[in-house]
Structures are given as structure tokens and as C-alpha cells.
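What follows is a set of notes on a single structure, which appears directly below.
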Amino acid sequence: MRLLTHNLLICPVHKKPLAIRHVTSVDIIAVEYQPQFILRMIPRLDWSLLREAALAVESDCIDALPETPPRPQELEFLESTNDEVERPPVMAALQRLLLETHVVVGQLHCEHGEYYQIDEGIPNLLADAAVYPSEKVSAQASGAPVDEETAIPLDEQTGS
Amino acid sequence: MSLSLREIETLLSQLPWRQFQTPRLQLEQYTTPVHLAARIAHHVALSVPAKERGSQLVVDLGTGTGVLAFALHLAGFDHIVGVDIDSDALQLAKVNAEKLQELCSTSAERPVDFALMDIQTSSLALTGAPFDIAVLNPPFGTRRHAADVAFLEVACRVSRRLVYSLHKSTTRGYISKKLERLGYAARVYAQLRFDLAATYAFHTRRSVDLEVDLWQVELK
Ligand SMILES: [Zn+2]
């Protein structure tokens, strides 16, 4: 699950944004720089949710994200005055976070208490798969094992 | 990447899970056969200028084993979310994704992001209208008559620009009236042939070709 996809998801029961928690595996997969796509997505993003997600996956990119979303016009200007080698830091951070950061194993927490499991990169947002706090122990016991080989240690994630 | 119809079809036909092997009749689930998926992707791609394709956010509702989603990727779309209610189908979609990358070195790694979700209005787990294009492969309404129209409404809600949806040609009048009542500008974009025999065991004795309409809804 890319962080872009995460930003579009809500709880199927309460229709609230979901906080990423207990991430045990993240993949960083570099893809072609796509400034036009990123610029189009900025107005659609829940910016504070993205910032929280960046913290949840312990990404260094958080330092390049302002508290409030940049205005696309500003970014477009930055983009047009730079060549690809010198990407504006915000754009580089958004490229990394939105398009290249995949949560492989973790949880999506709703403010109402229940959470939804992410396993093998697939978030399970079926209402009947919601785990309520009282069920936590049994849910963890039956959870899928973490695939150690695809897991990247958290401190190596931000290397390019 | 923007491949020709023939190239897309050739690649898709080499995927290990072209159809979901044990369809659950209750969900009327099937995976779009290769020839149909390639054609739908081709039609969708043609409606978006080539330089814009890479910056569209696309959702494949009812993606199954991902065949249509991968077809869209091969036709030039880079940002695709595939959702389905069946976790077994999505596991097979992941196997397909790995195979596709093996077959096609220019294909991006993990071109489709998958999520388990029920796309009925009450349990939809998507915010607002985040997508530019929604592609829908609904049940054909043979068992639950209004189901395909309900899914079509959801598709129109989550998309901003275009919706493509498959429906039996025999339901053309019904779909047309429904969409008109909902206030959407829609038209039959292409008529295609769907071979149900390949999916459902009880149809294997005779081939059941089905005429299907590829509907296009232009939003806004
Ligand atoms: Zn909730």
C-alpha cells in the first residue's frame, strides 16, 4: 500500500481517516519522477494525514513537508525553474512518500478504536475484518507472519 | 509505457491467473478475460491524450485477479488502485503482478496498489472522489438485478472525470434510463463479446457468448 493510496482510504464503518500504526515492514521502491502527477494530487490530499503517515513510517521526508500544503502554483513555479537533478525538496519528499513508500505490514487505526490490518501490502478494509481493542489478543495470534526478507530496517528506508 | 492492443493481449495471456479459478457464485465474481480486458484498456487509453495518461489516478472496482488493472497499466496508466472484496483473488493478483514484471521489464514494479474493500455504498472505504477514472467490472445482474447499477453509481461517485463500466447489451435501455435519471452524460462506447463459459463451470457444456456494452460516463 503506497502512502498515496492510504491517503484516499477511510474507515468503512465510521468514514473517518485511518492512522497508520505498528508498522513492521516498509518497502521503498524507486519509480520515475512524476512532478505533473504529484502536482495534480496535492489538492486532493489530506495533508495532515500524510504528515502523520510519514511519521508512522519514520521517514526523513517529514522534514521537507511544511505544516500546511504548498499551493500548487508555487510548486509549479519551483518545478519549472529547476531541472530534474535539483528537485524542490517538497517535491522530492512527495515523490518518495506518495509514490515510493509502501507499507507492507502494519495497522490502520480508526479514531473510534477499531483497526484494520495491512498484510503483504494489502489493507483489509472490510467492515467485518475490523479488530476491536477487546479482540486484540486473538487477532494478533492469528495474524499472518511478517515476511522478513521483504522487510527493510527502518533506519535504511530513506537512503536513495 | 503504452503498448499496442496486440502486445497487451500477448502479455496478459501469459499471466498465471487469467481467471479466478473458483468463482463464488454469490458474488458473481469472474475476472475479465484477457481479450476483453485488453480491448477495454485500449478504449480507455484512447479517450485520454497520451501525455495525460501517466498523471491520471485510476481505480479498478472489482479487480479480481487484476487482469484489467494490468491491462490499463500496459496501455499507459501508471497510477492504479485495484479493489476487491475477495482476499483470495487479490492474492492471485499479486502473483500476476510479479509475473508481469518478469515478462515485461519496462513495467513498473508494483504498478497496481490493491486494497480489500466492499464497494457497496454503506461500506465503501474511499474518501470523496479521489480518482480521475473509475473502471468497473460489475456483476452482470443475472442474479441480483439492481446490483450492477448500484456499483455504477458508486463508480460515478468516486471518480472525477470518466467512468467505464461493462453491462449486458440486453440491459442497455435499463442502464440508459437509470443513468439519465441520475443526471449523468453517458453513452455506449463499444460493444464487446464476453465468454462466460470460461468462468462458470455450469456453463462449460456450451459456449455462452454474451454481448456486453462498454459504457462511458463523462462526469462534471
Ligand atoms: Zn471506524
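Each residue, glycine too, has its Cβ placed from N, Cα and C.
TrEMBL does not curate its annotations; it predicts them automatically.
Residues annotated as domain 'Methyltransferase' in TrEMBL: B:58-160.
Across the residues of the domain 'Methyltransferase' (B:58-160), the predicted structure has a mean pLDDT of 89. Look at the domain 'Methyltransferase' (B:58-160): DSSP puts its residues at 40 helix, 24 strand, 39 coil.
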